[in-house]
C-alpha cells in the first residue's frame, strides 16, 4: 500500500463550564468544540513494526506518544500484526488547549482502520478513543461544531460551522491540564446557559449578542497566572473581535471577527510575536 498523508486539525472551545468532579477523578464539563484550520500533517507508510518520527524534537516518539499509543491500541483491538511508520509534521502548538495531540491520535485511529483493512465502525473505535483522551472522540467522529458533555466524550453533532473568521494565537505559554484543573475557580452548582441550543442558533444567524454567555471556567485563573495570555485576549478585542476567549485550558486565545479585513489586521498585529492561525467561516475538518 502506498504512503498516505493526512491533516489533523485543531479545535477551539466556545465556552467551557466545569460542572463537577467525578469519583474517578475526572471532571464533568460542558463545551462547544469548533474546528480550526491549524493542523499537523501525518504521513503513514507500510512497515514491519510501529515507529514514529516527529519534526519537533521536544515531543517524545516512544510509547508515551499518543500516536504510538493509538496505533498499538488499534493493533491490539483488531489482532493485526502489521506495522506502520508515522511521520508527524508538528505545527499545532502543544500545551495550548487546541487538542493537537488528541487530533493526531484520532487521525491515527481513523487512517490505520483503513490502512490495516480493519474497517471498524466509529462506534467500535469510540472506546479506544476515550481511553486515549477526552478530546479524541470529537476529532474521530465530528466534522464541525459539536456539543460535548461528560468528560468531553459525550457528543452531539450540531451540523454547522462558526459563521465568523477565527483568529487563533498561541502566546508561547505551555499550560498543563493538571495545573488548570488544580487552579480554576470552582462554581459547581451554579446555573449555566443552554450552550447547546445557543450555539446551534448562533451558527445559523451569526448573532453576536449572546456570545458573552460562552464563558470559560479556566480563563480567570489562567489570566491571573499568565499575563501574556491576558494581553493577547485584550489585543484581539481591541483589534475588533466581537468575542475573544481562552481555548480549553490555554494558553491559546482566539477571537471571532465579522470581516476578513479585521481578522487579517489582527493576525498582522500578533504574528510578529506569536504563532497564529486564521480560519475562514464555516470551516469543517473534512473539507
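Glycine residues also receive a Cβ, built from the backbone N, Cα and C atoms like all the rest.
So that you can see what the record holds, here are the features copied from Swiss-Prot:
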type	residues	note
ACT_SITE	11	active site
BINDING	93, 94, 95, 96, 97, 98, 99, 100, 101, 102, 103	ATP binding site
ACT_SITE	135	active site
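All features noted in Swiss-Prot, drawn onto the structure.
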| residue | record | DSSP class |
| --- | --- | --- |
| 11 | active site | strand |
| 93 | ATP binding site | coil |
| 99 | ATP binding site | coil |
| 135 | active site | coil |
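A simple way to gauge crowding: the CB of residue 101 (ATP binding site) has 22 other CB atoms within 10 angstroms, across all the protein chains here.
Rounded to a whole number, the C-alpha distance linking residue 101 (ATP binding site) with residue 11 (active site) is 11 angstrom.
Shown in sequence order, 10, 92, 248, 252 are the same-chain residues outside 93, 94, 95, 96, 97, 98, 99, 100, 101, 102, 103 whose Cβ sits within 8 Å of the Cβ centre of the ATP site. Within 10 Å (C-alpha to C-alpha) of residue 135 (active site) lie the following binding-site residues from 93, 95, 99, 103: 99, 103. Comparing residue 93 (ATP binding site) with residue 11 (active site), their Cα atoms are 12 Å apart once rounded.
The Cβ of residue 135 (active site) has 27 neighbouring Cβ atoms from other residues within 10 Å, across all protein chains displayed. The binding-site residues 93, 95, 99 differ in how many other CB atoms lie within 10 Å of their CB, and the one with the most is 99. Using a 10 Å Cα-Cα cut-off around residue 11 (active site), the binding-site residues 95, 97, 103 reduce to 97, 103. Using a 10 Å radius centred on the Cβ of residue 11 (active site) and all shown protein chains, the other Cβ atoms total 28.
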